[in-house]
Amino acid sequence: MSILVKNNIHWVGQRDWEVRDFHGTEYKTLRGSSYNSYLIREEKNVLIDTVDHKFSREFVQNLRSEIDLADIDYIIINHAEEDHAGALTELMAQIPDAPIYCTANAIDSINGHHHHPEWNFKVVKTGDTLDIGNGKQLIFVETPMLHWPDSMMTYMTGDAVLFSNDAFGQHYCDERLFNDEVDQTELFEQCQRYYANILTPFSRLVTPKITEILGFNLPVDMIATSHGVVWRDNPTQIVELYLKWAADYQEDRITIFYDTMSNNTRIMADAIAQGINEVDPNVAVKIFNVARSDKNEILTNVFRSKGVLVGTSTMNNVMMPKIAGLVEEMTGLRFRNKRASAFGSHGWSGGAVDRLSTRLQDAGFEMSLSLKAKWRPDLDALELCRQHGRDIARQWALAPLPETTQKTTPAEEITTCAAADLGPKMQCSVCQWIYDPALGEPLQDVAPGTPWSDVPDNFLCPECSLGKDVFDVLATEAK
């Protein structure tokens, strides 16, 4: 099946509704993807890119239903990655002499995947042209490291279509092809997710390359990407977004993510967020448990944020493995113009937070003071967490915040009041988790200072997920 793109240009690609992993398992394609290939029929017939290798046979069969394969005059490979050039072996078995136009770097990549150095490669550079008849030409623009060394774009004169390769695309599958036909919220979420997780390391190259392309003074009526939609309605809107995202992008947003062994670091995260909100209720704060969250969503939020707070329990004197992995990935993404702070709980040894602070600094973040708590945070420790959040809110504010008078209750008074009025601590008889009325359980909307008798009946133990009926009065407090 083909879809008319414009005049003599047809989409002959492949939708992939089921794909959920990309680049191994590093990118979660929660809304599927598409592999966009385009057939141009002028006096010369041109195929731009193929599809992912797993669809090779279907692609060639579908292409044969559109055109006699022997009538294809030129093949353009904008990018040698297997989701673009994966069907070349199947196709070239049918038309072995067809010329393949690509960059010099692409020849190395294509041969590395397909092992056919005898193919008829034609090397092109920025500014080279290819006459396709009817007064139209293809103009090639090299775009190295956006996002592979072999990458290029192809511009078609006359129809003013830019075949943009990975740039301006998104992993987004829909039966409809054009940007004005699909859900706009979904579309732009996937555009930003794609940029944040794939193109962020190359942001320093995005602006000069777009400037170079604009310098050709060529009209762009349509942008035909390699993944996702074709931009036909106001195509420059995505170009403007890329320029914005490439300029050390940040919103008035703070991302907190953590991993925890006994929920202690989670409690710290919640208290820090409360402190931030007390001082700056306008800043958006998002909290993620890395063990239960989509990694790419976390990284997209980091991309959007002015700062990030990263929490970890100490395990074997180092940070939790999922935190270490995510920080390593942030190092590779090379975020700029962002601040960071490490926090976490520990028992007899607290080496993780210091290691985490060093890793975040090595990743290019401007560091603020870290915060540690020993064992499960008590009232004093929770107040320190909230104060840390207040301090962070002021330090990271994009504009000066009004001064506020913080009313505090002495810790001794709180403790006395808690002991006198809140009743005993309760212990889960299954996993031994302890409910402290003075601390509550904020993640289940049980506020600090809530007696066990007032805890909702649908309360679940944070450790073993069993209900209130498995709790007993803590033995040390039983009378």
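Cβ atoms here come from the backbone N, Cα and C positions, even for glycine.
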> Swiss-Prot records D166, H227 as Fe cation 2-binding residues. Which of D83, D97, D294 is assigned to the same site?
Replying inline: D83
> Sequence gap of 6 or more, C-beta under 8 Å: which same-chain residues meet both conditions with respect to H147 (Fe cation 1 binding site)?
Replying inline: D166, I198, L199, P201, F202
> So which of the binding-site residues is most packed in, judged by how many other Cβ atoms lie within 10 Å of its Cβ, out of A342, C428?
Replying inline: A342
>> I'd like the per-state residue tally for the domain 'Rubredoxin-like' (423-474) from DSSP, helix first, then strand, then coil.
In response: 9 helix, 10 strand, 33 coil
> Can you tell me the mean pLDDT for the region 'Zinc metallo-hydrolase' (30-210)?
Replying inline: 96
>> List every residue in the same chain as H227 (Fe cation 2 binding site), at least 6 positions away in sequence, whose Cβ is under 8 Å from its Cβ.
In response: S33, S34, Y35, N36, D83, D166, G169, Q170, H171, Y172, Y194
> By CA distance, which of the binding-site residues (E81, G347, A352, D362, M367) lies nearest to C461 (Fe cation 3 binding site)?
Replying inline: G347
> Which of the three DSSP-derived classes (helix, strand, coil) applies to H79 (Fe cation 1 binding site)?
Replying inline: coil
